[in-house]
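S.K.: One structure is given below, represented as structure tokens, and several questions about it will come after.
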Amino acid sequence: MTQDELKRLVGQAAADYVIQNVPEGAVIGVGTGSTANCFIDALAAVKSRYRGAVSSSVATTERLKSHGIKVFDLNEIDALQVYVDGADEIDAGGAMIKGGGGALTREKIVASVADTFVCIADGSKRVPVLGAFPLPIEVVPMARTAIGRRVTALGGVPVLRVTKDGAPYITDNGNEIIDVKGLQIADPRGFEARVNAWPGVVTVGLFAERGANLCLLGTENGVETIVYPAA
């Protein structure tokens with residue numbers, strides 16, 4: 001199967017998981033990116049079962065609304081039973097690198113509220129150690145250079161994310177993103193806490209403190225379900 005076919009496979013598997021485990025009338029947390037889009041497309045077929053969704057980005061909001069799925073602000077919701085999102089990398093403990101699509105801060109906020117985080121990914125995203133995929137850090141623009149120096153001191157190579165025309169990429173929150181290459185993150189929780197403490201960091205794209213509860217992993221043999229132990 002192609003990577004796109006694997007994404008559609010796990011998108012449908014996530015919709016099936018929601019149908020089986022989330023009661024009718026609930027609100028679903030939805031992530032951002034190409035794999036999350038496959039979940040949205042599958043969810044659209046059963047949208048009448050649920051009140052709607054909480055979105056993690058402007059792009060996701062637009063896709064949900066295009067399917068006629070009502071979008072709630074997180075502040076309107078008392079509880080969120082499930083959050084479904086992709087990952088750029090996921091390790092054996094359920095820690096992830098996320099943020100390739102630029103929505104890491106809102107993704108982390110919505111994930112933190114959800115009872116269950118369901119990661120959906122193709123098999124190439126499973127890694128023994130996080131860091132081959134550049135680690136995104138959303139930063140306040142004036143802190144970009146200072147954060148870059150801190151990253152360099154840890155052995156990373158900071159690269160400012162830019163648009164096709166060479167301008168700094170701007171997040172939905174009005175900030176910039178540094179993508180850090182050359183890392184091997186043996187202690188995701190510790191590294192997440194360390195970077196998040198730097199002045200000027202909005203959030204780092206490490207999801208270790210709030211990692212996945214389970215992963216639906218698309219493989220040539222079908223969908224593999226991996227359950228991670230509670231922290």
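Heads up, the Cβ atoms here are built off N, Cα and C, so glycines get one too.
The following feature annotations were taken from Swiss-Prot:
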type     : residues                                                                                     : note
ACT_SITE : Glu107                                                                                       : active site, proton acceptor
BINDING  : Thr32, Gly33, Ser34, Thr35, Asp85, Gly86, Ala87, Asp88, Lys98, Gly99, Gly100, Gly101, Lys125 : substrate binding site
S.K.: State the Cα to Cα distance, in Å, between Lys98 (substrate binding site) and Glu107 (active site, proton acceptor), rounded to an integer.
M.R.: 9
S.K.: Per DSSP, the residue listed as 'active site, proton acceptor' is which: helix, strand or coil?
M.R.: helix
S.K.: Rounded to a whole angstrom, what is the C-alpha distance between Asp85 (substrate binding site) and Glu107 (active site, proton acceptor)?
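M.R.: Between the alpha carbons of Asp85 (substrate binding site) and Glu107 (active site, proton acceptor) there are 8 Å.
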S.K.: Specify all same-chain residues, apart from the site residues Thr32, Gly33, Ser34, Thr35, Asp85, Gly86, Ala87, Asp88, Lys98, Gly99, Gly100, Gly101, Lys125, whose Cβ lies within 8 angstroms of the center of the Cβ atoms of the substrate site, ordered by sequence.
M.R.: Gly31, Ala36, Ala121
S.K.: What is the Cβ neighbour count of Glu107 (active site, proton acceptor) at a 10 Å cut-off, with all protein chains included?
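M.R.: Looking across every protein chain shown, the total is 29.
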S.K.: Would you mind ranking the binding-site residues Lys98, Lys125 by how many other Cβ atoms sit within 10 Å of each Cβ and giving me the lowest?
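M.R.: The binding-site residues Lys98, Lys125 were compared, and Lys125 has the fewest Cβ atoms within 10 Å.
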S.K.: How would DSSP class Asp85 (substrate binding site) in three states?
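M.R.: Where Asp85 (substrate binding site) sits, the three-state DSSP reduction gives strand.
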S.K.: Using a Cβ-Cβ cut-off under 8 angstroms and a sequence gap of six or more, which residues of the chain neighbour Ser34 (substrate binding site)?
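M.R.: The answer is Lys7, Gly86, Gly101.
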S.K.: How far apart, in angstrom, are the most distant Cα atoms among the substrate-binding residues Thr32, Gly33, Ser34, Thr35, Asp85, Gly86, Ala87, Asp88, Lys98, Gly99, Gly100, Gly101, Lys125?
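M.R.: The substrate-binding residues span at most 16 Å between Cα atoms.
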S.K.: Test of understanding: give the count of other CB atoms lying within 10 angstroms of the CB of Asp85 (substrate binding site).
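M.R.: Taking all protein chains shown, Asp85 (substrate binding site) has 30 Cβ neighbours within 10 Å.
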S.K.: Using Cβ atoms only, which residues of the same chain lie under 8 Å from Ala87 (substrate binding site) while being at least 6 residues apart in sequence?
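M.R.: Spatial neighbours, sequence-distant, of Ala87 (substrate binding site): Met96, Ile97, Lys98, Cys119, Ala121, Lys125, Phe207, Ala212, Cys215.
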S.K.: Identify, in sequence order, the residues in the chain of Thr32 (substrate binding site) that are 6 or more apart from it along the sequence and have a CB within less than 8 Å of its CB; answer 'none' if there are none.
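M.R.: Within the chain, Thr32 (substrate binding site) has Cβ neighbours under 8 Å at Ser56, Ser57, Ala59, Thr60, Asp85, Gly101, Gly102, Ala103, Arg106, Glu107.
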